[in-house]
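Listed features, source TrEMBL:
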- 22-90: domain 'K Homology' (DOMAIN)
- 105-176: domain 'K Homology' (DOMAIN)
- 264-337: domain 'K Homology' (DOMAIN)
Amino acid sequence: MEDNNTSSSASGAPIKLEDPSVTLTIRLIMQGKEVGSIIGKKGEIVNRFREESGAKINISDGSCPERIVTVSGTTSAIFSAFTLITKKFEEWCSQFNEVGKVGKTQIPIRLIVPASQCGSLIGKSGSKIKEIRQTTGCSIQVASDMLPNSTERAVTLSGSAEQITQCIYQICLVMLESPPRGATIPYRPKPQVTGPVILANGQAFTIQGNYAVPTQEVAKNPLASLAALGLAGMTPTGTSGINHTALAALAGSQLRTANANRAQQQQHEMTVSNDLIGCIIGKGGTKIAEIRQISGAMIRISNCEEREGGNTDRTITISGNPDSVALAQYLINMRISMETAGLPIPGYHYIAPSAIVKTPIH
């Protein structure tokens, strides 16, 4: 970390970074199993992090698949807290490394940043974000769309624990210099629908024990059904006799049918490092073909574009109805997150509606 004791605000007035009266709040999104690595048994790990860093660390309740971790304090306290958090998370992620793999484990961290501050984080013509990448060695991607029902965006970091901590410190400096403008509507994850959901012939079923029980609630919203499938990819195929990625494929098929008559079309662009594009395309284009089939969206990947400083990025353009675009974006982000975490990436197995498992499920 640079030994900077002052910075400048948007008005030009100096800010004393270690002034106890100057505090920041950094929020990040973690999945249930991920957040368990920093909570510990009866909260012993997170309590130790609070004491050692001096930062306030709060974690949202477990009613949602996504948990929000909120870290508040001075820049020094936040830096100390994230040094501890990322190191522990790195240890947890290392268990998924391939046998014999050398080098530091690359971990993914998803920050939540007010959209009004993202422009300052990117900088003119991308100058600031490029500077942060070069200074810290950390990959950083700012989502173009806001998180659902909020005025915040996801900022995805990927690198070693040390690189990510350094990157977060640089982001703190930007946030101090450029406070959010206007009111910020915070992102709040939605509670998980009870049990996995499958759709067959227009009827939705929730999995309860060994039975598929008909339900009407989720049939109205295909994406709500997808949220219930546990698409984070952390659940091994075959758990409780249910192949969750296969169910995702089935739901994707039904989603396309439900939206066949929708005229509304939209387009979304994502920028991905060339180093990560292989996990999205797959051998011979098999993985991107699967994502196209499941989501029903048109997906185009640009050729390698040379950037200043030798960096290379690829642009992914997703077109289709809103649900198809959202599903394709989710599946792509899932592959990136699992690749950077060193987790095994499951394949998707398409199941035709006629092949649906009949009740009861054995």
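Cβ coordinates come from backbone N, Cα and C, glycine included.
These figures come from a predicted structure and were not determined experimentally.
Residue counts for the domain 'K Homology' (264-337) by DSSP state, with H, G and I taken as helix and E and B as strand, are 37 helix, 23 strand, 14 coil. Taken together, the residues of the domain 'K Homology' (105-176) have an average pLDDT of 93.
When the domain 'K Homology' (105-176) is classified with DSSP, helix, strand and coil residues number 37 helix, 24 strand, 11 coil.
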